[in-house]
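Q: Structure incoming, see below.
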Amino acid sequence: MQEPLLGAEGPDYDTFPEKPPPSPGDRARVGTLQNKRVFLATFAAVLGNFSFGYALVYTSPVIPALERSLDPDLHLTKSQASWFGSVFTLGAAAGGLSAMILNDLLGRKLSIMFSAVPSAAGYALMAGAHGLWMLLLGRTLTGFAGGLTAACIPVYVSEIAPPGVRGALGATPQLMAVFGSLSLYALGLLLPWRWLAVAGEAPVLIMILLLSFMPNSPRFLLSRGRDEEALRALAWLRGTDVDVHWEFEQIQDNVRRQSSRVSWAEARAPHVCRPITVALLMRLLQQLTGITPILVYLQSIFDSTAVLLPPKDDAAIVGAVRLLSVLIAALTMDLAGRKVLLFVSAAIMFAANLTLGLYIHFGPRPLSPNSTAGLESESWGDLAQPLAAPAGYLTLVPLLATMLFIMGYAVGWGPITWLLMSEVLPLRARGVASGLCVLASWLTAFVLTKSFLPVVSTFGLQVPFFFFAAICLVSLVFTGCCVPETKGRSLEQIESFFRTGRRSFLR
(Lines of atoms letter the chains of each structure in order from A and count residues from 1; the text may use other names and numbers.)
(Lines give C-alpha, C1' and ligand atoms only; values in the text may rest on other atoms or scores of the structure.)
Protein backbone atom coordinates (compact mmCIF):
# COMPACT_ATOMS: atom_id res chain seq x y z
CA MET A 1 0.00 0.00 0.00
CA GLN A 2 1.44 3.35 -1.03
CA GLU A 3 2.07 6.00 1.59
CA PRO A 4 0.01 9.19 1.63
CA LEU A 5 1.57 12.44 0.49
CA LEU A 6 1.75 13.81 4.00
CA GLY A 7 2.21 12.16 7.31
CA ALA A 8 4.97 9.77 6.21
CA GLU A 9 7.62 8.98 8.76
CA GLY A 10 11.03 10.55 8.33
CA PRO A 11 12.58 13.98 8.50
CA ASP A 12 13.02 14.69 4.80
CA TYR A 13 9.37 15.45 3.91
CA ASP A 14 9.68 13.35 0.76
CA THR A 15 6.28 13.28 -0.91
CA PHE A 16 7.12 11.38 -4.11
CA PRO A 17 8.29 7.85 -4.83
CA GLU A 18 12.01 7.16 -5.00
CA LYS A 19 13.64 8.48 -8.16
CA PRO A 20 14.52 5.97 -10.87
CA PRO A 21 18.11 5.68 -12.06
CA PRO A 22 19.25 8.75 -14.01
CA SER A 23 17.95 8.72 -17.56
CA PRO A 24 19.68 10.27 -20.56
CA GLY A 25 17.41 13.24 -20.11
CA ASP A 26 18.47 13.63 -16.48
CA ARG A 27 22.14 13.51 -17.42
CA ALA A 28 21.65 15.97 -20.26
CA ARG A 29 19.84 18.31 -17.91
CA VAL A 30 23.09 18.89 -16.01
CA GLY A 31 24.60 20.43 -19.12
CA THR A 32 21.86 23.02 -19.30
CA LEU A 33 23.17 24.62 -16.12
CA GLN A 34 26.27 25.70 -18.02
CA ASN A 35 24.13 27.56 -20.55
CA LYS A 36 23.67 31.15 -19.42
CA ARG A 37 20.76 31.88 -21.74
CA VAL A 38 18.13 30.56 -19.35
CA PHE A 39 19.49 32.91 -16.69
CA LEU A 40 19.39 35.83 -19.13
CA ALA A 41 15.76 35.06 -20.02
CA THR A 42 14.90 34.85 -16.32
CA PHE A 43 16.61 38.16 -15.60
CA ALA A 44 14.77 39.87 -18.45
CA ALA A 45 11.42 38.65 -17.12
CA VAL A 46 11.98 39.40 -13.44
CA LEU A 47 12.77 43.04 -14.16
CA GLY A 48 8.98 43.28 -14.08
CA ASN A 49 9.13 42.14 -10.46
CA PHE A 50 11.75 44.80 -9.74
CA SER A 51 9.28 47.42 -10.94
CA PHE A 52 6.53 45.74 -8.92
CA GLY A 53 8.56 45.84 -5.69
CA TYR A 54 9.56 49.44 -6.35
CA ALA A 55 5.95 50.51 -6.92
CA LEU A 56 4.57 48.56 -3.95
CA VAL A 57 6.56 50.51 -1.35
CA TYR A 58 6.52 53.82 -3.22
CA THR A 59 4.14 55.19 -0.57
CA SER A 60 6.50 54.48 2.33
CA PRO A 61 8.56 57.70 1.93
CA VAL A 62 5.95 59.55 -0.15
CA ILE A 63 3.02 59.53 2.31
CA PRO A 64 4.97 61.36 5.06
CA ALA A 65 6.23 63.86 2.46
CA LEU A 66 2.72 64.57 1.17
CA GLU A 67 1.43 64.81 4.74
CA ARG A 68 3.81 67.72 5.18
CA SER A 69 3.11 69.22 1.74
CA LEU A 70 2.07 72.88 1.68
CA ASP A 71 0.29 72.40 -1.66
CA PRO A 72 -3.43 72.07 -0.83
CA ASP A 73 -4.00 69.94 -3.96
CA LEU A 74 -1.42 67.37 -2.87
CA HIS A 75 -1.69 67.51 0.93
CA LEU A 76 -2.99 64.14 2.18
CA THR A 77 -5.38 63.64 5.05
CA LYS A 78 -5.35 60.41 7.01
CA SER A 79 -8.23 58.97 4.96
CA GLN A 80 -6.66 60.00 1.65
CA ALA A 81 -3.34 58.50 2.72
CA SER A 82 -5.02 55.14 3.40
CA TRP A 83 -6.50 55.19 -0.11
CA PHE A 84 -3.16 56.17 -1.63
CA GLY A 85 -1.53 53.26 0.16
CA SER A 86 -4.21 50.65 -0.60
CA VAL A 87 -5.43 51.47 -4.12
CA PHE A 88 -2.30 49.78 -5.51
CA THR A 89 -3.69 46.45 -4.34
CA LEU A 90 -7.01 47.06 -6.13
CA GLY A 91 -5.07 47.64 -9.33
CA ALA A 92 -3.05 44.50 -8.65
CA ALA A 93 -6.27 42.51 -8.22
CA ALA A 94 -7.48 43.79 -11.59
CA GLY A 95 -4.11 42.82 -13.08
CA GLY A 96 -4.46 39.32 -11.68
CA LEU A 97 -7.96 39.09 -13.16
CA SER A 98 -6.70 40.14 -16.58
CA ALA A 99 -3.89 37.59 -16.32
CA MET A 100 -6.52 34.84 -16.27
CA ILE A 101 -7.18 35.76 -19.92
CA LEU A 102 -3.89 37.22 -21.14
CA ASN A 103 -1.68 34.43 -19.77
CA ASP A 104 -3.20 31.92 -22.18
CA LEU A 105 -4.24 34.34 -24.92
CA LEU A 106 -0.99 36.24 -25.49
CA GLY A 107 1.37 33.86 -23.74
CA ARG A 108 3.55 34.42 -20.73
CA LYS A 109 6.22 36.56 -22.40
CA LEU A 110 3.90 38.93 -24.26
CA SER A 111 1.74 39.36 -21.15
CA ILE A 112 4.82 40.44 -19.19
CA MET A 113 5.75 42.88 -21.95
CA PHE A 114 2.20 44.24 -22.05
CA SER A 115 2.46 45.13 -18.35
CA ALA A 116 5.01 47.80 -19.25
CA VAL A 117 2.28 50.01 -20.76
CA PRO A 118 0.23 50.66 -17.58
CA SER A 119 3.41 50.70 -15.49
CA ALA A 120 5.06 53.46 -17.53
CA ALA A 121 1.81 55.45 -17.69
CA GLY A 122 1.32 55.16 -13.93
CA TYR A 123 4.79 56.41 -13.08
CA ALA A 124 4.35 59.32 -15.51
CA LEU A 125 1.06 60.32 -13.85
CA MET A 126 2.58 60.28 -10.37
CA ALA A 127 5.68 62.17 -11.49
CA GLY A 128 3.56 64.98 -12.93
CA ALA A 129 0.70 64.84 -10.42
CA HIS A 130 -1.13 68.09 -9.67
CA GLY A 131 -3.97 66.57 -7.69
CA LEU A 132 -5.01 63.55 -5.68
CA TRP A 133 -6.79 61.90 -8.63
CA MET A 134 -3.53 61.73 -10.61
CA LEU A 135 -1.75 60.11 -7.67
CA LEU A 136 -4.52 57.54 -7.21
CA LEU A 137 -4.79 56.75 -10.92
CA GLY A 138 -1.03 56.41 -11.27
CA ARG A 139 -0.92 54.14 -8.23
CA THR A 140 -3.75 52.02 -9.64
CA LEU A 141 -2.02 51.62 -13.01
CA THR A 142 1.28 50.56 -11.45
CA GLY A 143 -0.71 48.15 -9.29
CA PHE A 144 -2.40 46.70 -12.39
CA ALA A 145 1.00 46.11 -13.96
CA GLY A 146 2.25 44.53 -10.73
CA GLY A 147 -0.70 42.16 -10.51
CA LEU A 148 -0.25 41.11 -14.13
CA THR A 149 3.46 40.42 -13.74
CA ALA A 150 2.88 38.66 -10.41
CA ALA A 151 0.71 36.10 -12.21
CA CYS A 152 2.75 35.76 -15.41
CA ILE A 153 6.41 35.91 -14.39
CA PRO A 154 6.47 32.93 -11.96
CA VAL A 155 4.75 30.78 -14.59
CA TYR A 156 7.18 31.86 -17.31
CA VAL A 157 10.23 31.27 -15.12
CA SER A 158 9.05 27.84 -13.91
CA GLU A 159 8.31 26.73 -17.47
CA ILE A 160 11.72 27.68 -18.89
CA ALA A 161 13.85 26.57 -15.90
CA PRO A 162 15.49 23.11 -15.64
CA PRO A 163 14.34 21.16 -12.54
CA GLY A 164 17.82 21.32 -11.00
CA VAL A 165 17.72 25.10 -10.61
CA ARG A 166 14.00 25.77 -10.70
CA GLY A 167 13.98 26.46 -6.97
CA ALA A 168 16.75 29.05 -7.26
CA LEU A 169 15.32 30.63 -10.40
CA GLY A 170 11.83 30.43 -8.92
CA ALA A 171 13.01 32.64 -6.07
CA THR A 172 14.30 35.35 -8.41
CA PRO A 173 10.90 37.05 -8.90
CA GLN A 174 10.70 37.65 -5.16
CA LEU A 175 14.41 38.51 -5.03
CA MET A 176 14.00 41.19 -7.70
CA ALA A 177 10.85 42.54 -6.05
CA VAL A 178 12.80 42.91 -2.82
CA PHE A 179 15.69 44.56 -4.68
CA GLY A 180 13.19 46.97 -6.22
CA SER A 181 11.82 47.84 -2.78
CA LEU A 182 15.32 48.35 -1.39
CA SER A 183 16.16 50.62 -4.33
CA LEU A 184 13.10 52.73 -3.55
CA TYR A 185 14.06 53.01 0.13
CA ALA A 186 17.62 54.00 -0.82
CA LEU A 187 16.54 56.53 -3.45
CA GLY A 188 13.97 57.88 -0.98
CA LEU A 189 16.87 59.12 1.13
CA LEU A 190 18.20 61.13 -1.82
CA LEU A 191 15.39 62.10 -4.20
CA PRO A 192 12.13 64.05 -3.85
CA TRP A 193 8.96 62.05 -4.37
CA ARG A 194 8.38 63.14 -8.00
CA TRP A 195 11.84 61.99 -9.06
CA LEU A 196 11.21 58.65 -7.37
CA ALA A 197 8.41 58.12 -9.91
CA VAL A 198 10.66 59.16 -12.79
CA ALA A 199 13.32 56.65 -11.68
CA GLY A 200 10.69 53.90 -11.76
CA GLU A 201 10.49 54.15 -15.56
CA ALA A 202 14.03 52.80 -16.08
CA PRO A 203 13.51 49.08 -15.25
CA VAL A 204 10.30 49.03 -17.30
CA LEU A 205 12.11 50.19 -20.43
CA ILE A 206 15.03 47.79 -19.91
CA MET A 207 12.59 44.89 -19.46
CA ILE A 208 10.85 45.63 -22.76
CA LEU A 209 14.18 45.82 -24.58
CA LEU A 210 15.57 42.54 -23.22
CA LEU A 211 12.36 40.50 -23.49
CA SER A 212 12.12 41.38 -27.18
CA PHE A 213 15.06 39.00 -27.76
CA MET A 214 13.91 36.19 -25.43
CA PRO A 215 11.88 33.10 -26.47
CA ASN A 216 8.41 32.28 -25.27
CA SER A 217 7.74 29.35 -22.94
CA PRO A 218 8.16 26.02 -24.82
CA ARG A 219 5.15 24.63 -22.96
CA PHE A 220 2.96 27.52 -24.09
CA LEU A 221 4.17 27.17 -27.69
CA LEU A 222 3.39 23.45 -27.66
CA SER A 223 -0.07 24.13 -26.28
CA ARG A 224 -0.66 26.34 -29.33
CA GLY A 225 0.56 23.71 -31.79
CA ARG A 226 3.81 25.54 -32.61
CA ASP A 227 6.02 22.48 -32.16
CA GLU A 228 9.03 23.56 -34.23
CA GLU A 229 9.15 26.95 -32.54
CA ALA A 230 8.87 25.23 -29.15
CA LEU A 231 11.80 22.92 -29.97
CA ARG A 232 13.92 25.88 -31.07
CA ALA A 233 13.02 27.77 -27.89
CA LEU A 234 13.94 24.80 -25.70
CA ALA A 235 17.23 24.29 -27.57
CA TRP A 236 18.05 27.99 -27.16
CA LEU A 237 17.33 27.83 -23.42
CA ARG A 238 19.25 24.59 -22.81
CA GLY A 239 22.18 25.17 -25.17
CA THR A 240 23.16 23.78 -28.55
CA ASP A 241 25.48 21.16 -27.02
CA VAL A 242 22.63 19.52 -25.07
CA ASP A 243 20.25 16.93 -26.53
CA VAL A 244 16.85 18.38 -25.64
CA HIS A 245 14.73 15.76 -27.42
CA TRP A 246 14.13 13.69 -24.27
CA GLU A 247 12.87 16.71 -22.32
CA PHE A 248 10.94 17.94 -25.35
CA GLU A 249 9.15 14.60 -25.66
CA GLN A 250 8.22 14.67 -21.98
CA ILE A 251 6.75 18.15 -22.29
CA GLN A 252 5.04 17.29 -25.58
CA ASP A 253 3.45 14.18 -24.09
CA ASN A 254 2.14 16.16 -21.12
CA VAL A 255 0.76 18.91 -23.35
CA ARG A 256 -0.87 16.35 -25.65
CA ARG A 257 -2.76 14.87 -22.71
CA GLN A 258 -4.03 18.34 -21.90
CA SER A 259 -4.72 19.67 -25.38
CA SER A 260 -7.86 21.55 -24.36
CA ARG A 261 -8.61 24.02 -21.60
CA VAL A 262 -10.01 22.67 -18.40
CA SER A 263 -13.80 22.93 -18.08
CA TRP A 264 -15.67 23.86 -14.92
CA ALA A 265 -16.79 20.26 -14.57
CA GLU A 266 -13.21 19.01 -14.85
CA ALA A 267 -12.06 21.66 -12.39
CA ARG A 268 -13.89 19.72 -9.67
CA ALA A 269 -11.75 16.65 -10.33
CA PRO A 270 -9.35 16.00 -7.43
CA HIS A 271 -6.19 16.18 -9.56
CA VAL A 272 -7.21 19.70 -10.66
CA CYS A 273 -8.97 21.23 -7.67
CA ARG A 274 -6.49 20.05 -5.01
CA PRO A 275 -3.40 21.79 -6.39
CA ILE A 276 -5.47 24.91 -7.15
CA THR A 277 -6.80 24.90 -3.57
CA VAL A 278 -3.30 24.54 -2.12
CA ALA A 279 -1.95 27.38 -4.27
CA LEU A 280 -4.92 29.63 -3.48
CA LEU A 281 -4.76 29.08 0.28
CA MET A 282 -1.02 29.68 0.30
CA ARG A 283 -1.49 33.02 -1.45
CA LEU A 284 -4.21 34.04 1.04
CA LEU A 285 -2.14 33.03 4.08
CA GLN A 286 0.87 34.84 2.64
CA GLN A 287 -1.05 38.12 2.60
CA LEU A 288 -2.69 37.52 5.98
CA THR A 289 0.74 37.44 7.63
CA GLY A 290 0.60 41.23 7.21
CA ILE A 291 3.40 41.72 4.72
CA THR A 292 1.65 44.24 2.45
CA PRO A 293 0.40 46.75 5.07
CA ILE A 294 3.73 46.49 6.90
CA LEU A 295 5.66 47.33 3.73
CA VAL A 296 3.24 50.04 2.59
CA TYR A 297 3.22 51.81 5.97
CA LEU A 298 6.72 50.81 7.07
CA GLN A 299 8.09 54.30 7.65
CA SER A 300 4.84 55.43 9.28
CA ILE A 301 4.93 52.41 11.61
CA PHE A 302 8.42 53.40 12.71
CA ASP A 303 7.17 56.97 13.10
CA SER A 304 4.55 55.66 15.54
CA THR A 305 6.94 53.63 17.70
CA ALA A 306 9.83 54.69 19.90
CA VAL A 307 12.73 54.09 17.54
CA LEU A 308 16.35 54.98 18.18
CA LEU A 309 17.16 55.74 14.53
CA PRO A 310 15.41 58.01 12.00
CA PRO A 311 12.45 56.13 10.41
CA LYS A 312 13.84 56.62 6.87
CA ASP A 313 17.06 54.88 7.89
CA ASP A 314 15.10 52.09 9.59
CA ALA A 315 13.11 51.46 6.41
CA ALA A 316 16.29 51.24 4.33
CA ILE A 317 17.88 48.83 6.84
CA VAL A 318 14.81 46.59 6.73
CA GLY A 319 14.93 46.62 2.93
CA ALA A 320 18.56 45.48 2.98
CA VAL A 321 17.76 42.65 5.42
CA ARG A 322 14.89 41.56 3.20
CA LEU A 323 17.15 41.40 0.15
CA LEU A 324 19.79 39.35 1.98
CA SER A 325 17.16 36.93 3.30
CA VAL A 326 15.61 36.28 -0.12
CA LEU A 327 19.09 35.68 -1.52
CA ILE A 328 19.68 33.06 1.19
CA ALA A 329 16.35 31.42 0.34
CA ALA A 330 17.23 31.31 -3.35
CA LEU A 331 20.52 29.55 -2.60
CA THR A 332 19.06 27.01 -0.14
CA MET A 333 15.64 26.24 -1.64
CA ASP A 334 16.89 23.36 -3.79
CA LEU A 335 18.97 21.99 -0.89
CA ALA A 336 16.74 22.29 2.18
CA GLY A 337 13.45 21.85 0.35
CA ARG A 338 10.33 23.98 0.27
CA LYS A 339 8.57 22.68 3.39
CA VAL A 340 11.50 23.11 5.78
CA LEU A 341 11.84 26.76 4.77
CA LEU A 342 8.09 27.32 5.09
CA PHE A 343 8.14 25.93 8.66
CA VAL A 344 11.11 28.08 9.64
CA SER A 345 9.59 31.13 7.96
CA ALA A 346 6.22 30.88 9.73
CA ALA A 347 7.86 30.32 13.12
CA ILE A 348 10.10 33.38 12.73
CA MET A 349 7.21 35.60 11.59
CA PHE A 350 5.10 34.45 14.55
CA ALA A 351 7.84 35.38 17.02
CA ALA A 352 8.43 38.75 15.34
CA ASN A 353 4.77 39.78 15.15
CA LEU A 354 4.14 38.72 18.74
CA THR A 355 7.21 40.64 19.94
CA LEU A 356 6.21 43.78 18.07
CA GLY A 357 2.64 43.60 19.34
CA LEU A 358 3.78 43.17 22.95
CA TYR A 359 6.30 46.00 22.63
CA ILE A 360 3.68 48.40 21.25
CA HIS A 361 1.21 47.41 23.97
CA PHE A 362 3.61 47.70 26.92
CA GLY A 363 6.46 49.84 25.56
CA PRO A 364 7.10 53.61 25.50
CA ARG A 365 5.30 56.14 23.33
CA PRO A 366 7.06 57.50 20.20
CA LEU A 367 10.12 59.66 20.67
CA SER A 368 9.76 63.27 19.63
CA PRO A 369 13.08 63.64 17.75
CA ASN A 370 12.28 60.92 15.22
CA SER A 371 8.50 60.88 15.26
CA THR A 372 7.13 62.98 12.44
CA ALA A 373 3.90 61.01 12.20
CA GLY A 374 1.60 58.96 14.36
CA LEU A 375 -0.60 56.20 12.95
CA GLU A 376 -2.95 56.39 15.90
CA SER A 377 -3.56 60.12 15.73
CA GLU A 378 -6.07 61.90 13.53
CA SER A 379 -3.26 63.71 11.79
CA TRP A 380 0.06 61.99 11.41
CA GLY A 381 1.79 65.16 12.40
CA ASP A 382 0.12 65.46 15.83
CA LEU A 383 0.20 62.80 18.49
CA ALA A 384 -2.80 62.38 20.74
CA GLN A 385 -0.82 61.81 23.93
CA PRO A 386 2.39 63.25 25.43
CA LEU A 387 5.59 61.55 24.35
CA ALA A 388 7.60 59.50 26.80
CA ALA A 389 11.31 59.76 27.35
CA PRO A 390 13.63 57.35 25.54
CA ALA A 391 13.95 53.90 27.06
CA GLY A 392 17.55 53.25 25.97
CA TYR A 393 18.26 50.30 23.75
CA LEU A 394 14.73 49.01 24.33
CA THR A 395 13.75 51.38 21.54
CA LEU A 396 15.60 49.13 19.09
CA VAL A 397 12.92 46.46 19.56
CA PRO A 398 10.59 47.73 16.77
CA LEU A 399 13.45 47.78 14.27
CA LEU A 400 14.82 44.38 15.31
CA ALA A 401 11.37 42.76 15.39
CA THR A 402 10.51 44.17 11.97
CA MET A 403 13.85 42.98 10.60
CA LEU A 404 13.12 39.53 12.04
CA PHE A 405 9.65 39.48 10.47
CA ILE A 406 10.97 40.55 7.06
CA MET A 407 13.77 37.99 7.32
CA GLY A 408 11.31 35.22 8.16
CA TYR A 409 8.96 36.19 5.37
CA ALA A 410 11.76 36.47 2.82
CA VAL A 411 13.28 33.03 3.49
CA GLY A 412 10.02 31.14 3.07
CA TRP A 413 6.51 32.45 2.65
CA GLY A 414 7.67 35.26 0.39
CA PRO A 415 9.36 33.44 -2.51
CA ILE A 416 8.10 29.88 -1.98
CA THR A 417 4.39 30.65 -2.30
CA TRP A 418 5.04 32.13 -5.75
CA LEU A 419 7.22 29.17 -6.71
CA LEU A 420 4.78 26.52 -5.48
CA MET A 421 1.91 28.27 -7.25
CA SER A 422 3.71 27.87 -10.57
CA GLU A 423 4.87 24.32 -9.73
CA VAL A 424 1.67 22.60 -8.57
CA LEU A 425 -0.91 24.18 -10.88
CA PRO A 426 -1.87 21.85 -13.77
CA LEU A 427 -0.81 23.04 -17.22
CA ARG A 428 -4.34 23.21 -18.62
CA ALA A 429 -5.44 25.51 -15.80
CA ARG A 430 -2.11 27.22 -15.10
CA GLY A 431 -2.89 30.51 -16.82
CA VAL A 432 -6.39 30.94 -15.38
CA ALA A 433 -5.57 29.50 -11.95
CA SER A 434 -2.48 31.66 -11.46
CA GLY A 435 -4.58 34.73 -12.29
CA LEU A 436 -7.24 33.58 -9.81
CA CYS A 437 -4.60 33.16 -7.09
CA VAL A 438 -3.19 36.62 -7.72
CA LEU A 439 -6.70 38.14 -7.79
CA ALA A 440 -7.61 36.60 -4.43
CA SER A 441 -4.22 37.55 -3.00
CA TRP A 442 -4.47 41.22 -3.88
CA LEU A 443 -8.12 41.56 -2.87
CA THR A 444 -7.00 40.28 0.54
CA ALA A 445 -4.10 42.74 0.49
CA PHE A 446 -6.50 45.60 -0.32
CA VAL A 447 -8.79 44.76 2.60
CA LEU A 448 -5.81 44.55 4.97
CA THR A 449 -4.12 47.72 3.71
CA LYS A 450 -7.30 49.80 3.60
CA SER A 451 -8.46 48.68 7.05
CA PHE A 452 -5.03 48.90 8.69
CA LEU A 453 -5.18 52.60 9.60
CA PRO A 454 -8.83 52.54 10.84
CA VAL A 455 -8.09 49.49 12.99
CA VAL A 456 -4.98 51.16 14.41
CA SER A 457 -6.94 54.35 15.17
CA THR A 458 -9.76 52.43 16.86
CA PHE A 459 -7.98 49.60 18.69
CA GLY A 460 -4.29 50.49 18.69
CA LEU A 461 -1.26 49.55 16.61
CA GLN A 462 -0.66 46.35 18.58
CA VAL A 463 -3.94 44.69 17.49
CA PRO A 464 -2.98 44.06 13.82
CA PHE A 465 0.30 42.49 14.89
CA PHE A 466 -1.43 40.10 17.29
CA PHE A 467 -3.74 39.10 14.42
CA PHE A 468 -0.79 38.56 12.09
CA ALA A 469 0.90 36.40 14.73
CA ALA A 470 -2.19 34.18 14.96
CA ILE A 471 -2.21 33.75 11.18
CA CYS A 472 1.41 32.63 11.30
CA LEU A 473 0.38 29.79 13.63
CA VAL A 474 -2.31 28.78 11.13
CA SER A 475 0.35 28.81 8.40
CA LEU A 476 2.47 26.37 10.40
CA VAL A 477 -0.42 23.90 10.64
CA PHE A 478 -1.33 24.35 6.97
CA THR A 479 2.24 23.67 5.87
CA GLY A 480 2.36 20.44 7.84
CA CYS A 481 -1.02 19.18 6.66
CA CYS A 482 -1.44 20.35 3.09
CA VAL A 483 1.74 21.50 1.35
CA PRO A 484 3.64 18.96 -0.82
CA GLU A 485 7.41 18.86 -1.21
CA THR A 486 8.35 19.51 -4.85
CA LYS A 487 12.13 19.80 -4.57
CA GLY A 488 13.96 18.32 -7.54
CA ARG A 489 10.85 17.24 -9.46
CA SER A 490 9.92 18.27 -12.98
CA LEU A 491 6.58 19.98 -13.57
CA GLU A 492 5.43 16.85 -15.38
CA GLN A 493 6.34 14.65 -12.38
CA ILE A 494 4.48 16.96 -10.00
CA GLU A 495 1.39 16.99 -12.18
CA SER A 496 1.56 13.23 -12.61
CA PHE A 497 1.63 12.87 -8.83
CA PHE A 498 -1.69 14.70 -8.45
CA ARG A 499 -3.18 12.35 -11.04
CA THR A 500 -2.35 9.21 -9.05
CA GLY A 501 -4.89 7.37 -6.96
CA ARG A 502 -3.07 7.84 -3.67
CA ARG A 503 -4.77 9.11 -0.57
CA SER A 504 -5.30 12.84 -0.72
CA PHE A 505 -3.20 15.16 1.36
CA LEU A 506 -6.26 17.40 1.73
CA ARG A 507 -7.92 15.73 4.65
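Each Cβ is built from the backbone N, Cα and C atoms, and glycine gets one as well.
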Q: Report which of Asn49, Asn370 appears in Swiss-Prot with the annotation N-linked glycosylation site.
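A: According to Swiss-Prot, the N-linked glycosylation site annotation belongs to Asn370.
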Q: On the same side of the membrane, Leu191 and Thr458, at least as Swiss-Prot annotates them?
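A: For Leu191 and Thr458, the topology recorded in Swiss-Prot gives the same membrane side.
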Q: When you scan the chain for residues with a C-beta under 8 Å from the transmembrane segment (82-102), skipping those not six or more beyond its ends, what do you find?
A: 55-56, 58-59, 62-63, 66, 76, 110-111, 114-115, 118, 132, 135-136, 139-152, 292-293, 296-297, 431-432, 434-443, 445-446, 449-450, 452-454
Q: Starting from the Cβ of Gln174 (D-hexose binding site), draw a 10 Å sphere and report how many other Cβ atoms land inside it.
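A: Result for Gln174 (D-hexose binding site): 26 other Cβ atoms within 10 Å.
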Q: Quick test of the contact rule: Cβ under 8 Å, at least six residues beyond the ends. What residues does that give for the transmembrane segment (463-483)?
A: 6, 278, 281-282, 285, 288-290, 293, 338-339, 342-343, 346-347, 349-350, 353-354, 356-357, 360, 413, 420, 452, 455-456, 505-507
Q: Do any residues, 6 or more residues outside the transmembrane segment (396-416), come within under 8 Å Cβ-to-Cβ of it, and if so which ones?
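A: Sequence-remote neighbours of the transmembrane segment (396-416) are 170-171, 173-175, 178, 285-286, 289, 291, 294, 298, 301-302, 305-309, 314, 317-318, 321-323, 325-326, 328-330, 332-333, 338, 341-349, 351-353, 355-356, 359-360, 363, 475.
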Q: Per DSSP, what is the residue count of the topological domain 'Extracellular' (457-462) in each of helix, strand and coil?
A: 4 helix, 0 strand, 2 coil
